[in-house]
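> Have a look at this one before I ask anything.
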């Protein structure tokens, strides 16, 4: 193939899964003339974005980080969740030199080990089993002061589901005969990723100085008091549990989230000497600050599980073959369409340009369900018309970010906004003879109520995701595709042989 249609646009509809059930399905309820027309007239099917198909444990729902890694890598990427869980099972976790070194340094001086992390069985940013293993490791190595600073979920889990996790950790500490939960705060504060530093400062001050709006005798009592204030898990305000615990000089702090994007801001507050995003009342001289994984090459903190390198991911391979590419998203998903899609690489490849559209500054995205998708689309249409790029990769955050709010009516509006944006891209491509692949990284917005509890469903799902080809070729969509097959499909459309490292295979078959 000597020339290929230009550009090829990969449209990633974040959190946009496929469910046969119409119940509380925002996609089913929305008015989507473009999506309906494409499914009626273009080759389409479903591909898997969860579990073993994306390198997660069997049955585990997909997520944005994992989805974009697989989409860009063209192979199944075994995730940090899986790596850490396996290390715990095999016993290697308890011999990890980064973790044991940090604990030993603090314990030998009679200092405390502070464990930070999302206390959840959601498996998206963390897993409570990993926090339990860390408490066990600290106790085994002689630490007497072990404190868990628990961030509550309610986003990748039901909105009020923290009680069982707290009970599990309380039981763990009782069994160990040492350690306790020292503080509670919702992930809304501790795990911001959009430079809302007022939220992060609340978490930092709680952990470091035990500065809290509320106090409680036990973690369960603190949780029940938050529920009485109408705060779901995600939004629980800073709560000190029992006697005040401060992070002192010589203590070790270990952040047990395995996913990077929502661990960066709080980590920066602990380790950056010239940090100026908010005034730190105190910066303890720690024996160690450890991340379970590498949160960023720019954050000076050792990682217990260092990143494994991925060679010949789509972006790198396009650059090697002289192709130009554009990556575009709004703030909430910018890291996904750049860092994660590039296999954990921060810098652009040669011939790669990036456009970041700031996400709207609203408390929660149900207040502006269209987010800034129209502005993202303006820039894509402009790039298509200019025909400067061979490949454009775009992420639309709406399905996921509005899906996470649990507000059904807002989710319907988000889907309708997406439909309009996709229509504009398809129209622009038609004028220049370009092509598109439309897919998603995981499900979310197609299930907005938990059938078992009747609560709002704010988490991701394990549903398959759509895959639609937009263009003039005579092709069909094969069954059994996974996210790792998308990059090889794109290379086929571009007339490029896939590299040996890509084990995925094209989803499109010549008709």
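Positions of Cβ are set from backbone N, Cα and C atoms, glycine also.
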> In Swiss-Prot, the residues 64, 441, 442 are said to bind Mn(2+) 2. Which of 14, 121, 378, 390 is said to bind at that same site?
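Within the candidate list, Swiss-Prot flags 14.
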> Quick one: which of 114, 125, 127, 130 does Swiss-Prot put in the substrate site with 155, 156, 187, 193, 259, 260, 261, 262, 333?
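Among the candidates, Swiss-Prot records only 125 at this substrate site.
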> Identify which of the binding-site residues 193, 404 has its Cβ surrounded by the largest number of other Cβ atoms within 10 Å, counting every protein chain shown.
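Counting Cβ neighbours within 10 Å, the top one is 404.
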> Tell me which of the binding-site residues 125, 156, 262, 400, 460 ends up closest to residue 14 (Mn(2+) 2 binding site) in space, Cα to Cα.
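Going through 125, 156, 262, 400, 460 one by one, the closest to residue 14 (Mn(2+) 2 binding site) is 400.
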> Are any of 64, 404, 441 (the binding-site residues) within 10 Å of residue 156 (substrate binding site) when you go C-alpha to C-alpha, and if so which?
404
> Taking the Cβ of each of the binding-site residues and counting other Cβ atoms inside 10 Å, which one has the highest number: 14, 441?
441
> How big is the gap, in Å, between the Cα of residue 262 (substrate binding site) and that of residue 442 (Mn(2+) 2 binding site), rounded to a whole number?
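It is 18 Å, counting Cα to Cα.
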> I need the neighbours of the Mn(2+) 1 site defined by 400, 404, 460. Which other residues of that chain put their C-beta within 8 angstroms of the C-beta centroid, in sequence order?
14, 15, 63, 64, 155, 156, 399, 401, 403, 442, 444, 445, 458, 459
